[in-house]
Every structure is written in structure tokens, then in C-alpha cells.
Amino acid sequence: MFYCRSGFEKECAGEIQDKATQLEVFGFPRLKNNTGYVLFECYQEGDADRLIREIKFNELIFARQMFAVAAEVSDLPKDDRISPILDALSDVDGVPCCGDIRIETPDTNEAKELLKFCRKFTVPMRQALRGKKMLTERDSNRIPVLHICFIAPGHCYVGYSYTNNNSQFFMGIPRLKFPADAPSRSTLKLEEAFHVFIPKEEWDDRLASGMWGVDLGACPGGWTYQLVKRSMFVHAIDNGMMAQSLMDTGQVKHHMVDGFKFEPPRKNVTWLICDMVEKPARVAHLMGEWLIKGWAKEALFNLKLPMKGRYDEVLQDIENLKDFLKKNGFQYKLQAKHLYHDREEITVHIQAISNISPH
């Protein structure tokens with residue numbers, strides 16, 4: 001089972017089908033539009049476990065979470081929902097003892113009405129699972145996570161994910177609060193990207209105070225805000241106006257020029273960030289040019305998606321960018337994700353493995 005943004009089930013299914021085919025795992029996706037999840041039916045027993053081990057979760061763009069389904073339980077009686085779930089799990093071989101439990105729903109307005117129930121249900125369900133030795137007495141992040149996903153009041157899927165190959169977040173969504181002093185809600189996109197792409201233990205080194213960043217298409221400053229908040233200095237590139245609160249910090253230099261024409265005055269930029277409303281292929285190529293010229297060490301940018309053929313567009317743009325970087329002898333690590341705060345766009349992160357530019 002794969003969670004995704006409501007309305008992006010086809011993209012998620014297409015991606016999973018491609019990954020499964022590459023692994024020679026045969027099956028087919030089952031989906032309904034606007035449900036916020038995709039099920040992939042494997043033809044062979046044991047292949048669901050193989051998929052969640054061998055598909056690299058951090059290489060999936062449209063999936064927020066994945067777990068192997070052990071059982072589907074429907075028509076749960078209101079007076080005892082626990083026993084049928086325990087019985088269903090007891091009937092299945094190969095379900096590992098888990099170290100944590102997440103009782104979730106897909107991210108749709110309809111399903112979210114069940115979240116209050118999920119919270120109340122978690123404690124008694126946890127105790128019952130511990131009583132049956134299906135869950136460890138103490139929470140452990142070293143062994144699998146048990147997922148119970150309710151898609152309707154009496155209907156759930158029960159399964160497990162591996163902690164070294166899943167999303168660490170409940171429902172696959174980081175819980176972030178909008179900062180009252182941020183100039184726009186877009187600030188949450190960049191904050192979420194930091195949580196998803198950069199391990200927390202590396203934040204002090206890679207998001208360090210005193211670094212320089214460049215924000216292409218910066219106005220009014222939602223993304224610049226995240227760098228300023230971390231005591232960085234920023235070249236903000238936009239013909240529009242920046243929020244005065246950011247300019248007053250003394251950490252921002254505003255350049256009223258075209259983002260495609262700006263060149264940093266000194267080659268001391270660590271972070272290149274970009275949320276321009278432009279054709280995705282054009283933005284991706286611009287990011288590649290900055291990196292191979294050695295103008296930035298890490299790039300984080302959004303690619304706006306077309307109305308149709310969204311998955312194909314994403315694949316093409318990322319493949320073209322990878323080819324461009326390789327041809328120029330640039331070594332890199334690339335991740336892309338359709339983040340919770342993204343809508344008709346995906347966020348891409350590239351880190352230079354070697355900061356020595358061939359140019």
C-alpha cells in the first residue's frame with residue numbers, strides 16, 4: 001500500500017509499476033481517483049515484502065509511505081474492532097514482531113474525519129498487540145513498524161514497513177507549523193524539503209549559520225525566510241518586492257534582475273533555492289548549469305507540473321538533468337519528492353558529492 005496526495009494516484013501507480021517491473025516483481029496497481037492511496041497486487045506470495053525491501057523509498061517521488069499489506073479487514077463491529085484485527089494477523093504467516101504502531105488514514109477530507117477515532121484506538125490496540133507478542137513492550141525504531149490504515153469506519157488494511165526504508169513521519173507527512181512572521185505559506189515547502197532530504201544529524205553542517213544562499217524568484221521571501229532563520233546570508237533575485245521584515249535583518253541582498261541571468265558576485269554560495277513559475281525543463285537545466293559551473297554546492301528547487309502527462313514530464317526532466325550533469329563530469333546525489341506542501345509541482349534536491357568544479 002502506498003500513500004500519495006489525493007489526485008495523484010495515477011502518477012503514484014505508474015511509478016510503482018515501473019519500479020516493480022525493474023525488480024521483476026509482477027503484479028498490477030489498483031486505484032481509485034482522489035482516494036490518496038494505491039494498492040499494488042503482487043502475483044507471487046512474498047513479493048510484497050520483497051517490494052518494500054528492495055524499492056528504495058527515498059527514490060520514490062509520488063509515494064509518501066509504503067508498507068506490505070498482511071490483511072484487509074472489513075465490516076468491523078463497532079463494539080469490538082480489536083479482535084478481528086488480531087485474528088486476521090494471527091492467520092497470516094511472515095508478519096514480523098514490530099516496534100511501533102501507526103494507526104492512520106489516507107490524506108483526504110473524508111478519511112481525515114477518522115483521525116480522531118484513530119488516535120483513541122491507538123492505545124487499546126497497542127496494548128492488545130503487546131499482549132499477543134505482536135508488538136514489543138517498548139517502542140523500538142530498529143525493527144518494523146505496524147501500520148493500520150482505515151479507509152472507512154469499519155474497513156482497514158493492516159501491514160508493516162521497515163524503518164530503514166520508509167517515511168519516519170505519521171501518514172508520511174511532517175507536521176510543521178506556519179511561522180507567524182514568514183512572508184508567505186510557501187516557506188513550509190522549503191522547511192519540509194529540509195526535513196525530507198537532509199538527515200537531522202547533518203543540519204548543523206549543511207544548514208550552518210554564516211553560509212550564503214541564492215533564492216531565484218524570491219519574492220515575497222517565503223523561501224529566503226528559511227535561510228535567514230538559520231542565520232544565513234541570501235542573494236534574493238526577483239523583480240518584485242521583498243518583505244520588509246526580511247530586508248531589515250541585514251542578511252538579504254535584493255537583486256532586481258531576471259533569475260535566468262543572475263550570476264553570483266563571489267563563488268561562495270552553498271545553497272541555490274528556486275521556486276519560479278517557469279517551464280520545468282527550463283528550470284532543471286538552469287539548476288544544472290549553476291552546479292556544473294561550481295556556483296553552488298547544493299540546489300533545492302521546484303518543478304511545476306503540466307495538467308496532463310505529469311509523471312512522464314517528471315521522468316523526462318530529471319533524466320535530462322542527470323544526463324547533463326554526467327556529461328559534464330559532475331558527481332551528485334539527487335532526490336525528488338512530491339511533498340505534502342507541494343501541489344502541482346515536485347521538489348528536487350541535488351547535492352554535489354565533490355565540490356571541485358570541472359569548469
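Each Cβ is built from the backbone N, Cα and C atoms, and glycine gets one as well.
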Additional site residue, Asp238, Asp312, Asp317 [criterion: listed by Swiss-Prot with Ser186, Cys219, Pro220, Gly221, Gly222, Asp258, Asp275 for S-adenosyl-L-methionine]: Asp238
Least Cβ-crowded entry, counting other Cβ within 10 Å, from the binding-site residues listed as Pro220, Gly221, Gly222: Pro220
Listed in sequence order, residues with CB under 8 A of Asp275 (S-adenosyl-L-methionine binding site) and six or more positions away: Ser186, Lys189, Leu190, Gly217, Gly222, Trp223, Phe301, Asn302
Binding-site residues: Asp238, Asp258 - member with fewest neighbouring CB atoms within 10 Å: Asp258
S-adenosyl-L-methionine site span - longest C-alpha distance across Ser186, Cys219, Pro220, Gly221, Gly222, Asp238, Asp258, Asp275, in Å: 20
Under 8 Å by Cβ from Cys219 (S-adenosyl-L-methionine binding site), counting only residues of that chain that are 6 or more apart: Ala236, Asp238, Asn239, Gly240, Met241, Met242
Cβ-Cβ distance under 8 Å to Lys304 (active site, proton acceptor), same chain, at least six residues away: Val277, Glu278, Lys279, Pro280, Val283, Glu344, Glu345
